[in-house]
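Here Swiss-Prot flags A2 as N-acetylalanine. Feature annotation from Swiss-Prot assigns phosphoserine to S11, S58, S67, S206, S266, S276, S280; the stated evidence is a large-scale study or a structure entry. Taken from Swiss-Prot, the feature compositional bias 'Acidic residues' applies to 35-44, 59-72. For K108, K179, K208, K239, the entry in Swiss-Prot reads SUMO2 cross-link, with the evidence type a large-scale study or a structure entry. Per Swiss-Prot, compositional bias 'Basic and acidic residues' is recorded for 116-125, 260-276. If you look up Swiss-Prot, you'll see K239 marked as SUMO1 cross-link, on the strength of a large-scale study or a structure entry.
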Amino acid sequence: MAAAAPDSRVSEEENLKKTPKKKMKMVTGAVASVLEDEATDTSDSEGSCGSEKDHFYSDDDAIEADSEGDAEPCDKENENDGESSVGTNMGWADAMAKVLNKKTPESKPTILVKNKKLEKEKEKLKQERLEKIKQRDKRLEWEMMCRVKPDVVQDKETERNLQRIATRGVVQLFNAVQKHQKNVDEKVKEAGSSMRKRAKLISTVSKKDFISVLRGMDGSTNETASSRKKPKAKQTEVKSEEGPGWTILRDDFMMGASMKDWDKESDGPDDSRPESASDSDT
């Protein structure tokens, strides 16, 4: 019996090896359908392959060999799935690297990050802003060059003097305007109702008249100064009128003489000389 059992096993193995390929395909198809229904992940698929392998072990020893042959393709499929996912990631990385490392011409803005035209424009705008800021700083520095904040405590007296001068100038200006208006009104009244005379009078009024009035409103100081100058001018005029005793030293010597009187003036001194000599003899 012991010898018969090994012989039967060998015969069964030979029969299984001689079975047609159709039966093997049917078995593998059934295993694949069971695996697809039960497996949700790669780990579940491995568990399902193990369960099917146990099932076939319990049925027969011959099917054990077939299940082992089927389990190996399951492991290979999982490995292939992992390799395919890694391969797709590597392909994506290679494609992105090619795109990023690709040298594009500057005239064609295909990739905005690699386009240097925009960078040049940004740098140009930045330089223009910096130049504007520098120009503004220079202008402010020029305007604030000689400006000094006044000190209220130290410059108190000078500020008072300046205020007095300003008030005097304003008062003098308004007084001059009022006086000039009065003068013009008086002249218009003197002209009467004739429009021609009024137009002629208004045309004669000019800026110089107002400036002369404004200069005449300097106050008592100008009047006293003018009164002091007048006597000096009179004294000089009197001295010039008296002049030197000898007529030759005068400035107007021979200015009013005519050609017909040339002999008379020359005879005068000659006639006087003998008279003086006769007087001396007597």
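Backbone N, Cα and C atoms are what each Cβ position is placed from, and that goes for glycine too.
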Structural state census, the compositional bias 'Basic and acidic residues' (116-125) (DSSP three-state): 10 helix, 0 strand, 0 coil
Just how many other Cβ atoms lie inside 10 Å of the Cβ on K179 (SUMO2 cross-link)? 15
Reading the DSSP string in three states, the entry for K179 (SUMO2 cross-link) is helix
